[in-house]
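Take a look at the following structure, please.
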Amino acid sequence: MNGIKHIFITGGVVSSIGKGLTAASLGSLLTMRGLKVFIKKLDPYLNVDPGTMNPLQHGEVFITEDGAETDLDVGHYERFLDVDLDRTANVTTGQVYSKVITLERTGRYLGETVQVIPHITDEIKRRIRLAPDDIDVIITEIGGTVGDIESQPFIEAARQIRREVGRENCCFIHVSLVPFLESAGEQKTKPTQHSVAILRAAGIQPDALVLRSDKPISSANQKKIALMCDVSAVVNAVTVPNIYEIPCVLNQHGLDKFVIKHLDLEAGEIDWSYWDDVLDAIENNRSEIEIAIIGKYTGLPDAYISVIEALRAGGFESKTKVNIKWVDSDDENLEDQLENINGACIPGGFGIRGIEGLIKAIRICREREIPTLGICLGMQCMVIEYARHVVGMHGASSTEFTDDTQWPVVTTMLEQRDILIDDQFGGTMRLGSYRAVLSIGSLAASLYGTTDIHERHRHRYEVNNGYAQRLVERGLIVSGRNTEQDLIEFIELDRKDHPFYIGTQAHPECKSRPKRPHPLFKGLVAAALARKEIAEFNSGKTVLQ
């Protein structure tokens, strides 16, 4: 095996077809064979990063250890490969053009006419090649669909890389949809044929096809696609009920073996130990609970994809299936919506819309003793609710929502104030991994099993230390602080007053893994399961073991 090998994942027909999960699953298979894999996403949009994008359009913003605001697919990569990636794992058109324009303005091109080829494509290639020194394979997912005008420079850069490293060191995998037409009663292969034709017109002949469908594609249709597209390696990736089955599906169809042979990789036998326990927990669950995600962006589940997967993983060890109940913070019937849930999670967000609904839902959860986990904005709203209804600070709020409140129990971080005045919103929050020291004997410390932790962050606002003492005097526990900046990182209620009520300023969902569930989510699932079992015992439906 000579040098780093490259695998490019492209998509056709429609977006959101599963390129990211295909890339993550293939990366997992190669990792399980002993290879060192680095994986990244190329996003063709002009935004520098997704940090300022609407979650209802783009989905969640995934935070890396080094503080990059990245595409949600980077979260899939981390979970499937069980690695921590950095900011080089997500490249956008905005980043590329910003860099090239900066180089031009500073005279680095020595008066050349700056063009898409070679200057933009050279910068894309440079970023594709950024990876640790000991890597065997770089998997690069190219966002969007072939034929999109925004994707053309990325496709061209990938073509050039294949020419530079040699065809034997580069593999192109094209993911395409094979739709089923109800009126005709058959699957249609023509969209995939056209998609591959567009890719070939750009100078790329795919080496393998991953055909997405809701129903199995007939052998005749697979052979037809292979013939018409001149591709021998054709894999049918049928929609599965849980995403962690995808590595098994791709392996059963031999995709990883094909890639290893094509790239002449020195790979060992596959070790399924990482996925065996996860799949067993999913397929053989012993119990089932319902946890509400109460948020502002429930219209698009992808806005909370890492929270969803963290909750699911929280139940794997105890073989507990976690069903998600979506509760919009603007819902007028929150009391009814939260009537029979076993637990609640209030994730992050921005802006004033839906805030009063969040505060109302949090009050319901606190007073009904529903196990509750607040994340970022969720924790801030927990503090606001407590200040209003327990401490008596009527009208308490955050300076994010109003400047007129008498009780700004959540306020703008000191270093963020000038940033907001100058309207510098992109990439300027408190981002990345920060340390917190937890109080001995607290719920937080008992869940983590230590008092010294690091979590990923993405915020501009903090709990106001000026009101902390009054909150503490009325029973709110400040159980974790960042000692360097004296920031409140964790709050909770005494377990004598509430079975599980905890909030964190961090985004713990970003560090959860299928095999290593995050302790906060694992704790929430355990508390929710206990609540359900007690309720069933009291109603005579079951006997506690």
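For all residues, glycine too, the Cβ spot is worked out from N, Cα and C.
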Select one of Lys99, Lys224, Lys257: the residue that Swiss-Prot places in the CTP site alongside Ser15, Asp148, Ile149, Glu150, Lys188, Thr189, Lys190, Pro191, Thr192, Gln193.
Lys224
Taking Swiss-Prot at its word that Leu377, Gly378, Met379, Gln380, Glu400, Arg460 bind L-glutamine, choose the one of Gly343, Gly349, Gly432 listed for that site.
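For the L-glutamine site that includes Leu377, Gly378, Met379, Gln380, Glu400, Arg460, Swiss-Prot also lists Gly349.
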Going by the ATP site in Swiss-Prot, where Ser16, Ile17, Gly18, Lys19, Gly20, Leu21 are listed, which of the candidates Asp73, Asp82, Asp84 is also part of it?
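Swiss-Prot lists Ser16, Ile17, Gly18, Lys19, Gly20, Leu21 binding ATP, and from Asp73, Asp82, Asp84 it also lists Asp73.
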Let me know how many other Cβ atoms fall within 10 Å of the Cβ of Lys190 (UTP binding site).
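Lys190 (UTP binding site): 12 neighbouring Cβ atoms within 10 Å.
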Let me make sure I understand the structure: which of the binding-site residues listed (Ser15, Thr189, Thr192, Gln193, Gln380) has the fewest other Cβ atoms within 10 A of its Cβ?
Ser15
Where does Thr192 (UTP binding site) sit in the DSSP three-state scheme?
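DSSP assigns Thr192 (UTP binding site) to helix.
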Would you pick out, from the binding-site residues Pro191, Gly349, the residue whose Cβ has the largest number of other Cβ atoms within 10 Å?
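Comparing the binding-site residues Pro191, Gly349, the most crowded Cβ belongs to Gly349.
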Select the most exposed residue of Ile149, Cys376, Leu377, Met379, where exposure means the fewest other Cβ atoms within 10 Å, treating these as the recorded positions.
Ile149
Could you give the Cα-Cα distance between Lys188 (UTP binding site) and Leu377 (L-glutamine binding site), in whole Å?
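Between the Cα atoms of Lys188 (UTP binding site) and Leu377 (L-glutamine binding site), the distance comes to 46 Å.
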May I ask for the distance between Gly18 (ATP binding site) and Glu141 (Mg(2+) binding site), taken between their Cα atoms and rounded to an integer number of Å?
11
For the region 'Amidoligase domain' (1-265), would you mind checking the mean pLDDT of the predicted model?
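Within the region 'Amidoligase domain' (1-265), the model's average pLDDT equals 95.
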